Amino acid sequence: MLKAVQILGWSSGLTISQRLTKTRKSSTVSFISSSLNLSSVTSSSPRRIFSFKPTRMSSSLPGSDPVANSPTFVSVQSAGDVRKIKFCQWCGGPTKHEIPDGEEKLRAICTHCGKIAYQNPKMVVGCLIEHEGKVLLCKRNIQPSHGLWTLPAGYLEVGESAAQGAMRETWEEAGATVEVISPFAQLDIPLIGQTYVIFLAKLKNLHFAPGPESLECRLFALDEIPFDSLAFSSIYVTLNLYLEDLKKGKLKFHYGTINKRPGSSPSDIRAFSLDYHLQP
C-alpha cells in the first residue's frame, strides 16, 4: 500500500508514446455546495505540500448505521473469503483453514508444504485528465457498471510504476497519450480490498478514442459531469474532491478511506463515508 507522504513531492514529465496493447441513481447527496458557480472556477498548478490536516466527509444515505460504518466494523466485514482457496498456489496441495500461531486472521494453509496464502489489496491506478476546463471520462463497455462513466483506470501490473500503469490504462481505455503531472488522490476501499491512486494528467494531443473496454470517451465541462451515471464510489469521490479544490483555487493531494455502507447495493455509489480524509 502506498503511503501518502511518500508520493506527495512526486513530479515528473513522464509520457507514453508507444502503442501499448492489452490481452486481456440515487439520493441527492453531494460534496459540492449548491452555490458553486462553476463558471468562476479556475485551476492552479499542483504544488509540493508536506503537511496535512484530517477531515471527515460523509455521503452515507439517510438511515445508515454509524456503528456499521465504523472502521472496526468494516474491517471485519471486509475480510477476504479464504475458504475459497482450496489448493496451494505453490505445490497444488489441498489447504486447510486455520489461524496460524501469532496471527489473528483465518488463513489458507497448505497441508503439504505448509505455506500460507496471504490475500493482499489490489492497486487500481488511473488519470484525471484536464483539458481546457474539461475532464476526460470513459463509458464502460465491460462489467461491472457497463454503460456508466469512469476515469480511465485499471489494475496495476507487475513491473510498472503507479504512474506508468495509469498512463497505460489511459491509452488502453481512451486511446489517449498523456503526461502525468502529479498524484491527486489515494483512496483505500477496505471492503473490497482495493486502493485507488489517481494522477492529474494532461493530454499530449487532442486524439482520443474508445478502446475495447470503452463505449465512448468524452471531454465533459465541469458543470456537465454525469454524477448520476458514474460507475464507482471512488470516481464519485475523486471528481467531487477535484471540483472542491477548483472552487477553493488550489489543487491538493487527498488521502482517504472509502467505507461502503454494509448491506448496500454495489451499484449504489453514494452509500459510503469518506474517513481519515487527509489534505494539506
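Positions of Cβ are set from backbone N, Cα and C atoms, glycine also.
Per Swiss-Prot, these features apply:
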type: TRANSIT; residues: 1-75; note: transit peptide
type: DOMAIN; residues: 120-243; note: domain 'Nudix hydrolase'
type: MOTIF; residues: 154-175; note: motif 'Nudix box'
type: BINDING; residues: Glu169, Glu173; note: Mg(2+) binding site
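For the motif 'Nudix box' (154-175), the number of residues in each DSSP class (helix H, G, I; strand E, B; coil) is 13 helix, 2 strand, 7 coil. The Cβ of Glu169 (Mg(2+) binding site) lies under 8 Å from the Cβ of Val125, Gly126, Cys127, Pro152, Ala153, Gly154, each of these being in the same chain and 6 or more residues away along the sequence.
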